[in-house]
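Marked as active site, 4-aspartylphosphate intermediate by TrEMBL: Asp203. Under the heading Mg(2+) binding site, TrEMBL lists Asp203, Thr205, Asp624, Asp628. Summarising the annotation, TrEMBL assigns ATP binding site to Asp203, Lys204, Thr205, Glu307, Phe348, Lys371, Arg405, Thr485, Gly486, Asp487, Arg598, Lys604, Asn627, Asp628. Taken from TrEMBL, the feature domain 'P-type ATPase C-terminal' covers 650-903. Sequence annotations record features per position, and here TrEMBL assigns region 'Disordered' to 972-1000. Taken from TrEMBL, the feature transmembrane segment covers 87-109, 129-155, 681-702, 714-734, 764-783, 803-821, 833-854, 874-897.
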Amino acid sequence: MLSVFCSGEVVCEPPNNKLDRFSGTLYWKESKFPLSNQNMLLRGCVLRNTEWCFGLVVFAGPDTKLMQNSGRTKFKRTSIDRLMNTLVLWIFGFLVCMGVILAIGNAIWEHEVGMRFQAYLPWDEAVDSAFFSGFLSFWSYIIILNTVVPISLYVSVEVIRLGHSYFINWDKKMFCMKKRTPAEARTTTLNEELGQVEYVFSDKTGTLTQNIMVFSKCSISGRSYGDVLDVLGHKAELGQKPEPVDFSFNPLADNKFLFWDPTLLEAVKMGDPHTHEFFRLLSLCHTVMSEEKNEGELYYKAQSPDEGALVTAARNFGFVFRSRTPKTITVHEMGTAVTYQLLAILDFNNIRKRMSVIVRNPEGRIRLYCKGADTILLDRLHPCPQELLSTTTDHLNEYAGEGLRTLVLAYKDLDEEYYGEWAQRRLRASLARDSREDRLASVYEEVESDMVLLGATAIEDKLQQGVPETIALLTLANIKIWVLTGDKQETAVNIGYSCKMLTDDMTEVFIVTGHTVLEVREELRKAREKMLDSPHAVGNGFTCSEKRSARLTSVLEAVAGEYALVINGHSLAHALEADMELEFLETACACKAVICCRVTPLQKAQVVELVKKHKKAVTLAIGDGANDVSMIKTAHIGVGISGQEGIQAVLASDYSFSQFKFLQRLLLVHGRWSYLRMCKFLCYFFYKNFAFTMVHFWFGFFCGFSAQTVYDQYFITLYNIVYTSLPVLAMGVFDQDVPEQRSMEYPKLYEPGQLNLLFNKREFFICIAQGIYTSVLMFFIPYGVFAEATRDDGTQLADYQSFAVTVATSLVIVVSVQIGLDTGYWTAINHFFIWGSLAIYFAILFAMHSNGLFDMFPNQFRFVGNAQNTLAQPTVWLTITLTTVVCIMPVVAFRFLKLSLKPDLSDTVRYTQLVRKKQKAQHRCLRRVGRTSSRRSGYAFSHQEGFGELIMSGKNMRLSSLALASFTTRSSSSWIESLRRKKSDSAGSPSGGADKPLKG
């Protein structure tokens, strides 16, 4: 059968990424047929309501529109991963330097001293000079000191990340009972970066909202319906809802549909012509498909949830859309089947913002029904009574203020002759090769004029539970939220107000709608000028001239007011061009909220890439549909929501859950803890490795640079595997500075991760310095003591094995005490691993110096009884104690002074929590004593010692919630903000160029 189509030809546009348009012409049998987006089926879509069809593949493979919009899959790595790789290279360079120093020392020692002992310590046969001896010594020390290079670090990091991922998967507070869906960490490599997010890019429909539309209110001929009324006909108070409207008169009604205003149904039953025409329009003006599997069981398949909600509303109020063919629409109007001839569909697009159908009723009358945005439709109405227009406008403003999605409805009667002429013009425009869309728009514009206003609808796209609270909490954590949606501007703005991204208290909301490069640039320039010229933009005691003269890296540092930016897709296309992207980025970053409307999937990814490229900040993208896959892949972290639009976003994501509100827990609890744990783990890991390895370096100066080790070979092998591995893993998996409730209560705790304060190059060098300091004391204190010390029997204490046991024991105890100081949250596992590691060390130490092992392996364990004899000496334990105290006391003193003089916010929160517990215990004690007192004078005998001393001391003042808040804004914010300013100064403007203020 397909052979009959071989003579046809399709002429169409080249492959592109525009999902909303297609232009082509089919030439077949000397006829021309227009091809538009209505004739296109995108890759991955399903054609319904037909058993078979004939199709022609226009684009295939990478040329398909969906593939043109998909981004390239990238391997994601965290900033800590990249820093670790750099630090390991530095450590390897440091290892080489140590090897060179010790090799030079060996060559000098052999030349100056070793030559004199050839009779006693002859060189190996291959060694013929001091220089060659130094060369061999270099490689020997590279092998001995290689433990400074943290080879096992990468394995330990992956184990910790795996544990963090399981915590996310097991979190019951991120489990959705309704969908039976848990949170899922689909990767184990990005957990700590969840604690460093600065920008969140979110889809709207299905992500912030439920993507479930509900017909909420309507305005018909100047009267508003849909308010919840009480029995007296007055508006019900919040929380009061009477019984819903009874639709039992209609056997085809949808039982799930709920409406609360019975007066609308009464108007329908009384035969009000305006009300009947209103619902007739809703039942005809749409592209919904109807499926009836059993008699009376209708299933609607709508292109958008909005259309489905409107058609369902008409169905319940007695105008039931029953079926359609390419040329007819059948509607049951109050129980009577009526078939309309469908003459034309003037479909919706981004520019028209309206949809119309032209139908002929059974009496032969032709009528155009139209629904669309109020900004478009109200300008195309026939002059009508001003009272009706103003009343309907007031209703629209009221609905929009409640965050509802509004549409205006209108109609127009056409005579037969005019329609025939118009249909011919429409056919010629649809076959035009050039400017087809513009010609069709002109023809549509002609007929969609002088219409009669019928009313308006208001649909509620319910926000997901907890969205406003989540956005507010993330904003307090200094996380910027941008909404990137394919919805129209009005809808996106309404949702922005509903979820509290946009507020009436904002200084100004800038709307960029330019269609040319010049218009967009001018609108962005005016927005920046208003920000700088606004009185809110000058603060902190600076005058305007001082502000202008200051060296600003971006508009963001000059603006103190609250602004928002709303930009359309066609304007965004120009704003993302190379010569304008920095202007757009600076303007957007100066705003508290950014909403991008009518954007394509590729534009979403481009916006994310723009921020990644110039802001050097961690980005997170969250969405629920296939159109969000590109930005999810582009962002540092991708989060998929398992919602109404399939699982494409989930499959492309790094983390997934079912509701947007779980994002706050993912970032503020799991993300912050993961970052904190990983940073503490890395700091301690580098510290213990340097403290262990550098002892060999110092020993080299006292052993003739002979590459002799301080410790025995078994201790070197077991140090990182047994003695110190489990405690640091326990800290990396379980540690936390404050409980999860406090993490949510004080969002400012999240900011150190954004500023990368807990582990950076500075912190690395501090850890290395502490490790080197510990190694110096670890070697020289026992060395100095052993030089003069004697045993109980008066013999010399100093021998190689006793010194090795003393240094090794001191090291294990010091690093165990250090990790005890670093641990902020003690669990049974931490106790078991830390004290168990110490016990295992002593068990293995005594076992290796026992008679039993010597009898079995005399060549391997030659020093029988050495550990027992060494540790039996009081001098050795005094040496170990002295070494431990001198190594640990500076750390304790520094932390005590820091806690007293300049505490972090987390320190203050912990201290506050501790004092609250003590106060609760005191209150319980007061109540308990009060119950046992005399009944004659309850006050006198139950009134125990109060808090007078506490109040006079002033201690409770700094622990009050007010003082805590002032601390947050004064102490914590001051150092965090100063660091943020330094970070901005060093990073420069988004362009990375010279600092220069924007001129307003």
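Quick reminder: no glycine exception, Cβ is built from N, Cα and C everywhere.
The structure displayed is predicted, hence computed values, not measured ones.
TrEMBL feature annotations superimposed on the structure.
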residue: Asp203; record: active site, 4-aspartylphosphate intermediate; CB count, 10 Å: 29
residue: Thr205; record: Mg(2+) binding site; CB count, 10 Å: 25
residue: Phe348; record: ATP binding site; CB count, 10 Å: 19
residue: Arg405; record: ATP binding site; CB count, 10 Å: 23
residue: Gly486; record: ATP binding site; CB count, 10 Å: 23
residue: Arg598; record: ATP binding site; CB count, 10 Å: 20
residue: Asp624; record: Mg(2+) binding site; CB count, 10 Å: 31
residue: Asn627; record: ATP binding site; CB count, 10 Å: 24
residue: Asp628; record: Mg(2+) binding site; CB count, 10 Å: 32
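Most Cβ pairs under 8 Å to the transmembrane segment (833-854), among the stretches 714-734, 803-821, 874-897, belong to 714-734. Residue annotation for ATP gives Asp203, Lys204, Thr205, Glu307, Phe348, Lys371, Arg405, Thr485, Gly486, Asp487, Arg598, Lys604, Asn627, Asp628. The furthest Cα pair among them is separated by 29 Å.
Between the transmembrane segment (764-783) and the transmembrane segment (681-702) there are at least 3 Cβ pairs closer than 8 Å, counting only pairs 6 or more residues apart in sequence, which means the two stretches are in contact. On the backbone, the CA of Asp624 (Mg(2+) binding site) and the CA of Phe348 (ATP binding site) stand 24 Å apart. Restricting the binding-site residues Phe348, Arg405, Gly486, Arg598, Asn627, Asp628 to those with a CA within 10 Å of the CA of the residue listed as 'active site, 4-aspartylphosphate intermediate' leaves Gly486, Asn627, Asp628, listed by sequence position. Counting residues 6+ beyond its ends, the transmembrane segment (874-897) has Cβ neighbours under 8 Å at 770, 773-774, 777-778, 781-782, 785-786, 789-791, 797, 802, 805-806, 809-810, 813-814, 817-818, 821 in the same chain. Counting in whole angstrom, Arg598 (ATP binding site) lies 12 from Thr205 (Mg(2+) binding site) by their C-alpha atoms. Taking the C-alpha positions, the distance from Asp628 (Mg(2+) binding site) to Gly486 (ATP binding site) comes to 10 Å. With respect to their backbone Cα atoms, Arg405 (ATP binding site) and Thr205 (Mg(2+) binding site) stand 12 Å from each other. Distance noted between the C-alpha atoms of Asn627 (ATP binding site) and Thr205 (Mg(2+) binding site) is 11 Å.
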